[in-house]
Amino acid sequence: MELSRTGGGETVSKGGKTGPTMVIPPEPPAKELPKPPVVLRTMPPVTIASPSEPPNRPLPPRPTTRPGPKSSDNPRLPPPTRRPPLRPQGPLSMNPPTRPGTAATQSSPTSTVLRFPGSTKRLSWTSIASRRPTKFAQGKYGRVELVPQPTDDPDDPLNWPVWRKELNFYSLMMMVAMTGVAKTIFMTVNAQLAETYDVSYTAVAALTGVPLIFSALTGFVCLLASRMCGKRPLYLASLLLVFIGTVWSTNVRGSYAQCMAARVFQGLGWGAFDTLILGSIQDTYFEHERSFRVAIHSIIAVATTWGGPLLGGVASQGTTGVSLQFTILSAFFVVAVPAVALGVPETAFDRTFALAQTPGTGASQFKAGFLPAPRRLLSLETVTDYIVKLKPYAYSRPMDFTLILQAPRAFITPTTALLVIVSLLPYASLWGLTASLSLFFEPLPFVLSSGKIGALFTAPFLLSAAAVALPAFAPRWQANFTAKMHMGAIATGAALAFIGVLTFGLHLDAAMTPPLPDDSTAIPPTIFALEYLAPRVNLPAVSFVLGLLAAGASILDATAAPVIKHSTSFTGSNLIVVTRNTADMTAGVSCWRAMVAGIFVMATPNAVWWWDGLRAFSIGTSIALVVVAAVVATVWWLWGEGIRRWDGRVMGLVNLEGLKRGGSFFDLD
């Protein structure tokens, strides 16, 4: 059989003979194949890269022919392609429909690849967003990244000069000190006031307890209001209330009703300075700067509360009595009023969207941010510009019930409840017993003056301040607060409080109870008529055991900050939520303690009216606080993580609903 090729007229057989030619025609092209386009020889083939996904339907096979004796003179055509339909690219937003591609999704035929014209670099949401450079601290903290990151706005409190931050902080500390002194101003003269106003000792104790209760209520209200109007108007209103109440108290010696009204005004003003200070510190200072300021705030609050009676008792020994204390306190408003009015500007600043990454173009990475304001020297112009910006009402935001309800939720979280329960009895017992010191030692057989009664506050003042200062300035306490440290702090605080309460009651009862006569039918003489019993009481020992009680309460109070920090860091969706919840839960602990302390101040004198009642109160309270501390420590040790999870559920943070905003400055991708 002879075969031939279509390239010529010759035929070749296997035997070398020639014969008739049999031609094999080429296969016809596929029907679906379109007519190949004419390609110019001068133009190189160009491949069009589609910005959208390739078609899913494969191209038809390329037609083939049997090879001939020589190649064809026609140029080889490129494989035909079908241009896929262009899909319009949706605009980028803060919540794109799909997340940026990963190693798994880039290989998917449905993934979208974005490129700049003339560039082979693949882009993602992160690469096309406008990035801002990370800012670091200066000086000895030069390698510390600033948290939170400040904005480029010079009005951002984080960008304030140092003198402005310090003026704001210490102006608030002055008001904290004045409110601390005012809270315990009556404790050395309660018995004298009962005689002056001709009322019961419980009624006089109410002059201390009622303002504490009102301060807890107004502190809660101020925490809610600060969400909408900021903190400055609340500070100014509270300053006005405290000023009115203090000045009014200088001339109320003849009326118990006026004295109570003046104290209510003071209590209404205490709330803002009890609950908003931590938020102001968070607004103004970076994270590496806050611990020192928080420690100073805690020490000032404790030292002025229990150190005030030392000087107040001496000042009340004159003919004017307690009015002199309020006169001296009123004199400090000459400095406090201008300090708060001019030195405490608004610190609330919404930086949620100020640092959020926004969609940009390829040139966004070369776009510089706003330049910070140049440093200006102190002059009349700078002072005038500063005063003009001090508006009483400089911050507002629309009412958001989801945000407002975070404060009430923080007050009832399991962590807040356990912190209040474990420190409730030591803290309230300290307030109740110190409010009853005038009841114990002012009448017969002691007849101690207000100055000597004030001297009994020496140990509570020193030991409580030391118990607050040591953990506050311990780096490990703040940075690495482990479960073992927590259990040790609870055990130490409960042990000191147990010793203080029990020893105080048993010592006074044993010293002031006269021995029974041999004749059991004889009526024992009243203890107030037995002057020989007074020397049996060791007054320095009484002060020391009260100091142990104050130290135990302060140690238990010091555990609140690291425990709350662990809880909020565990459940918070971003840094803004963490800092806000930390301030809310801390304020919740403060409000609950103030309310219960006010109740104990009014109820304790009725329970310890006689020495046997004091003995029963001390034994019962000491046993109860040990049992409560053991139960709370066990709950935290066994279910610590579960408690934090329940915190998130109560705060509504489990699914991050209602709080996850598309423009959080902490979410960088």
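Placement of Cβ uses the backbone N, Cα and C atoms for every residue, glycine included.
Features reported for this protein in TrEMBL:
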{"type": "COMPBIAS", "residues": "1-10", "note": "compositional bias 'Gly residues'"}
{"type": "REGION", "residues": "1-117", "note": "region 'Disordered'"}
{"type": "COMPBIAS", "residues": "52-66", "note": "compositional bias 'Pro residues'"}
{"type": "COMPBIAS", "residues": "76-88", "note": "compositional bias 'Pro residues'"}
{"type": "COMPBIAS", "residues": "103-113", "note": "compositional bias 'Polar residues'"}
{"type": "TRANSMEM", "residues": "169-189", "note": "transmembrane segment"}
{"type": "TRANSMEM", "residues": "201-226", "note": "transmembrane segment"}
{"type": "TRANSMEM", "residues": "233-252", "note": "transmembrane segment"}
{"type": "TRANSMEM", "residues": "264-282", "note": "transmembrane segment"}
{"type": "TRANSMEM", "residues": "294-316", "note": "transmembrane segment"}
{"type": "TRANSMEM", "residues": "322-344", "note": "transmembrane segment"}
{"type": "TRANSMEM", "residues": "417-441", "note": "transmembrane segment"}
{"type": "TRANSMEM", "residues": "453-474", "note": "transmembrane segment"}
{"type": "TRANSMEM", "residues": "486-508", "note": "transmembrane segment"}
{"type": "TRANSMEM", "residues": "541-564", "note": "transmembrane segment"}
{"type": "TRANSMEM", "residues": "585-611", "note": "transmembrane segment"}
{"type": "TRANSMEM", "residues": "617-639", "note": "transmembrane segment"}
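In this chain, the transmembrane segment (417-441) lies out of contact with the transmembrane segment (322-344); the count of Cβ pairs under 8 Å, excluding pairs fewer than 6 apart in sequence, is fewer than 3. Scored on C-beta pairs under 8 angstroms, the neighbour of the transmembrane segment (617-639) with the top count among 264-282, 294-316, 585-611 is 585-611. Between the transmembrane segment (201-226) and the listed ranges 264-282, 294-316, 541-564, 585-611, the one holding the most Cβ pairs under 8 Å is 585-611. Residues 201-202, 205-206, 208-213, 215-217, 219-220, 223, 274-276, 278, 407, 410-413, 415-416, 419-420, 423-424, 427-429, 431-433, 435-436, 439-440, 508-509, 512-513, 527, 560-561, 564, 567-568, 617 of the same chain sit 6 or more residues outside the transmembrane segment (585-611) yet have a Cβ under 8 Å from a Cβ within it. Residues 168-169, 172, 175-176, 179, 182-183, 210-223, 226, 231, 234-235, 237-246, 248-249, 290, 293-294, 297, 347, 579, 582-583, 586-587, 590-591, 594 of the same chain lie 6+ residues outside the transmembrane segment (264-282) yet bring a C-beta within less than 8 angstroms of a C-beta in it. Tertiary neighbourhood of the transmembrane segment (417-441): same-chain residues 184, 187-192, 201, 205, 208-209, 212, 306, 309, 448, 450, 452-453, 456-457, 460, 490, 493-494, 497, 501, 504, 508, 546, 549-550, 552-553, 556-557, 559-560, 563-564, 588-589, 592-593, 596-597, 599-601, 603-605, 608-609, 614, 621, 624-625, 628-629, 632-633, 635-636, 643, selected by CB-CB distance under 8 Å and a gap of 6+ residues from either end. Tertiary proximity for the transmembrane segment (541-564) is limited to same-chain residues at least six positions away from its ends with a CB under 8 Å from its CB atoms, namely 294, 298, 302, 306, 415-416, 419, 422-423, 426-427, 429-430, 433-434, 455-460, 462-464, 466-468, 471-472, 477-478, 481, 486, 489-490, 492-501, 503-504, 507-508, 582, 585-586, 589. With a cut-off of 8 Å between Cβ atoms, the residues of this chain six or more beyond the transmembrane segment (294-316) that come close are 173, 176-178, 180-181, 183-185, 187-189, 192, 277-278, 281, 322, 324-325, 328, 434, 449-455, 457-458, 460-461, 464-465, 468-469, 472-473, 550, 554, 558, 561.
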